[in-house]
Amino acid sequence: MRHRDSTLRQILLGRGFRRRIAYAAIIAILCAGLACALVYANILATRSQRAAYTTQLSQQAATIRETIASRLGTIATATQVFASDLLPRFEKGRMPETGARANLARLSMIFPAIRAVSYTRLHDGALLLHAAEGFDTPALRSLVGAEAAHLPADTRLSPGTRLGDTMVMALTVPVRADSELTGILCCVIDCSRLAFETSPLNDPKQHRFCTVIDGQGTIIDCFIDALCGTNLMEPTSAMPPHIRELTRRVVKIPNGSDVFDLPKGVSHHSPARLLAWDSLALGGQRIVVACTAPESIAAIPLTRQRVLYAGIGAMLLTALAILVIIGTARRTRHFRRAAYRRMLEVIDVVPDPTFAVDTRGTVIAWNPAMAALTGIPSEEILGRGEGEHARLFHGERRPMLVDLIGHGPREVERLYDTVERVGDVVQVETFVPSLRNGRGAHVAGTASLLRDDDGAVIGAIETVRDVTRLKRAERRLRASEERYALAVAGANDCIWDLNLRTDSLYVSTRWADILGIPPSQAPTGLDDWHARLHPADSPAVTEAFESVIRGEMTHFDIEYRMRHQDGSYRWVLTRGAGLKDIDGTVCRITGALTDITERKHEEAISSILLAISGAVHASRDLNELYATVHSILLRHIDATNFYIATVDRHRACLDFPYFRDEREGTSAESIPLDEADSPGLTMEIIRNGCPRFLDRAGIDAIGGIGPQAQQWLGTPLVIADTVMGAMAVQHYADPHHYTRRDLDLLVSVSAQVAMAIERKMNEEELSHQARHDALTGLANRALFTERLEQAIARARRRENYRFAVLMLDLDDFKLVNDCHGHQTGDALLLHLAGTLPRMLRATDTMARLGGDEFAVLIEEFNQPREVVRIIRRLQEATGEPVALSGEEVLPSTSIGVVINGRDYADTQSIMRDADIAMYQAKQRGKGRFRVFSSSMRAQATQQLDLRNSLSRAVRNGEFTLVYQPIFRAWDQALVGFEALLRWRHPLRGFVSPAEFIPVAEETALILPIGRFALEEACAAMARWRAAHPCCRDLTMGVNLSARQTVQTNLTNIVRRTLGKTALPPSCLKLEITETAVMEAPTVSQANLRKLRGLGVSLAIDDFGIGHSSLAYISNLPVQTVKIDHTFTSRLGRDVETREVIRAIITLAHSVGLNVVAEGVEDESQLAMLRGLGCEYIQGFLLGRPMPEDDITALLRSLDDAIAHDA
């Protein structure tokens, strides 16, 4: 038994048993090591999956951030375009308010995210607002008003704000017109519409969310609506302190990732959560996109594996390891597939066209936006490769950005002009010819690599945005900026901008020009500016700036002096306005600086000339005047050495009636003028008749007489185009004492002195010669002959100068003398001498040649009918009964006329021919006139016949009216009509108004004709208003003649006509010519004011062909100026005419008048008039004059169009 036991122990403890024990130990050790390795591998896999999931969250946040940035950037660019182009046009009056409101509505239609858009005008606080239905609330208006009150200097994005159930942000842009801040454009943006792509990223079951917050920590978009508007950083919020601290970090740092713990009980998942965020900055505001998910989703669930490892044991370690590897691979593929599906979901909801390819170039993703852009659905492109996707953009198979992202930069730069790289992300811009049905489009592409969890490249993704509109807007904005830069460069003003925070000063190059310094020495701070101030002006300038900084004033205008580089001082006008930051603190002052030295100099000259002019009129003695002039010049330019020299009556010598010199005393000897080359500076002026500014070298070159000065200024005294003397000042010590401006002043003063000398000479001349008739006080034959000679001489010099001579003789004057005595005859002559000159113009001359014979010289007329009109007035004044010495005398006058005075070389011939014409008039009867020219005689006869025909036409009703439409230039909408008179002669047919209107004007026939036109036009307009709804706002224009304008009962006629036709006064516009107003201004203006009191509109017709000005017309109660068709017809051919029209329109707008252009006959004229700012158009291009039936048909078609649109 003991042996068996021993044998058994040997067997048990033998070699084989020990080997088995060793194998078991080795296996146990290997098992333990492999178990530890598997646990460690599981930990690494968990960390890897969490990192991959965090990367995925970062990519999702970046994608949403790019989407929001794209949409906000597009809105901001469009808003800038509206602020820099459309709204300035509205501020300048080039766009009606309805057009501005329509453009605001169009902006909200283009961008659905914009729920409301407003424009606040700063000068009157007016608000133009367009809001989505149900969104126009007091809270919205309060938000818009608060944003406008900020007065942003640039684009500003406000923090998130809750309006009702909607979180919004306000994008505000300043609007400037001609560099002046005129208003604030505000777009209220729905935050949920900016980031609606976050919806697929929100999974409440797994507590995976995407949240958008602003720079103040306020939630502006969240899956849980109740949280929207919550500020995560406020101590009053329900969030724990570590959440608030994390929010501050997220808002402060542009992008990143982190892990944080939720409070207990919030989620059934682990409280630890993964966080990734990305942000964008716009308009001073930051917008953060944050994506979160429970950490447990990303962790690899290894619990089941560990239980399996413990159950199987060491014997299945190898198989378990294989199973672990297989299981890990499967789970990794599962997560990769899930991530891939989520990536496809994000790509599908991205608003920008996006697609992805794998490493072989095969398309693996193609979102709906890309399908809409290219017109190719995803079913037709997915799975296709070999550059098939490039053909949709470029028309050929070629590498696109998504294909080149993994290559070097040279390949990308070779195919694209604009390339930017940020890490793996590449952004390019290019033109693709195949989009938009072959029209091509500008696109912006952004591409990046797709990598797996190990960092291996598995493909690439590219976003393609159509930026064609943006490019156009950029070009318009660039052009606007270039125009602004050119305007600043070409302006007379210096533009400056003072930053109070940095104490930095910007000034434009005009600063250097004004002060004569190199541009490199331009000031950089306010101290540099103040260093150049005149000491006396410095306190006022400093106070102006400080008042704006303190907020006591919003702006300032101040005039002061600044030191020029040459040491002199220049007068400048500075305008400045303060700009406030978001806290209401003035942070900048900006404005303009204008050189007003010339204006100040002109004001000084005006002051001096006003004083001298007063002295000229007050001083009856020339020596007294000379002393006064010297004292005035002494105060202003230190004219210590001053003298006046005059040529005597016979031009024999040069006298010095006034002489003051510190070296030569108070008198100077006369200089003979018998030698043409007489020396001296004064003789140089007498000979050449030109002002001279001489320094010492110039004085020596001419050869002065007496002590030589360092400076000498001399000007001629010109009387009747003849140099009659000279005036001079000089300085002996300082070679820089006088300037060119002083010479200009001396020239102006010399003109005043010359006028005084001329007046004195005329007085002396008139006192020695009897040049007037002793009985009547009229000019006598000598004076008349002299002025007639002057007129003949002027006609030789001036081609457009015209004059006429009238010879008047009283009919039966001898009979008056014989019947009533010579005393009564003289009384009649005196009466006519007092009456007839009032019928003439100020430029005309009337003389008594002897007995009952008078002569009239008419100068400066354009048409013969102007002379005829004067003759009519003379005859009408002569034909009035006169009570003399108890007797009533009915005089009449026969008149002979020579109109073509230019054809005569001497006075005798022209007076002889006028006398012959006068006798021919006497032969035709009393009270007649005749023209010497046979052609004019024929014309006069024809006018007489025409007058008789007009009388018959009035009796027989041969007149009719046609109506020419008037349109608005902007959109060619019908705004009214002008009634035009037509005469249907029974034998001649239609007679041109240009032919019969002047004749009717000269007679009383224009009054019944004008009344007919007024009544017929008002009746027609009343009928149209009653029958056609489109006529309610239209006006009827009726022309008034000069005679009608001065009718005392004109207002009563118009009032009765309006009452008779039941036409509202506002529908009637009376048109008068500027000539009609100028002929009888007092009566005309009184009638016009009465008509305006009735409510009738008034217009100046044919403006530009008369002698009035807009300054005169602005004092009249008119609302409209009509540019004569002669200007419009030359608009496209004559640059000068275009500038004249531009000036008329600009000046008319400046005094509150609207403008109608007559005679528009082609599209080029219409386009140019629109560009010049003309509001209304009339001409054959849009509508010819039409009879009433045609106008009725036109109005009927407009009614139909309105009904159809309704």
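Quick reminder: no glycine exception, Cβ is built from N, Cα and C everywhere.
What TrEMBL records for 21-41 (among others) is transmembrane segment.
Sequence annotations record features per position, and here TrEMBL assigns transmembrane segment to 307-327 (among others).
Residues or ranges marked as domain 'PAS' in TrEMBL: 339-405 (among others). Across the domain 'PAS' (339-405), DSSP assigns 33 helix, 9 strand, 25 coil.
The domain 'PAC' annotation in TrEMBL covers 426-479 (among others).
The domain 'PAS' annotation in TrEMBL covers 480-552 (among others). Shown for the domain 'PAS' (480-552): DSSP residue counts in helix, strand and coil, namely 38 helix, 12 strand, 23 coil.
Taken from TrEMBL, the feature domain 'PAC' covers 556-608 (among others). The average per-residue pLDDT of the prediction over the domain 'PAC' (556-608) is 88, rounded to a whole number.
Per TrEMBL, the feature domain 'GGDEF' maps to 801-934.
Taken from TrEMBL, the feature domain 'EAL' covers 943-1199.
Relative to the domain 'PAS' (339-405), the listed stretch 426-479 leads the set 426-479, 480-552, 556-608, 801-934 in CB pairs under 8 A. DSSP states for the domain 'PAC' (426-479), grouped as helix (H, G, I), strand (E, B) and coil, give 12 helix, 28 strand, 14 coil. According to DSSP, the secondary structure content of the domain 'PAC' (556-608) in residues is 12 helix, 30 strand, 11 coil.
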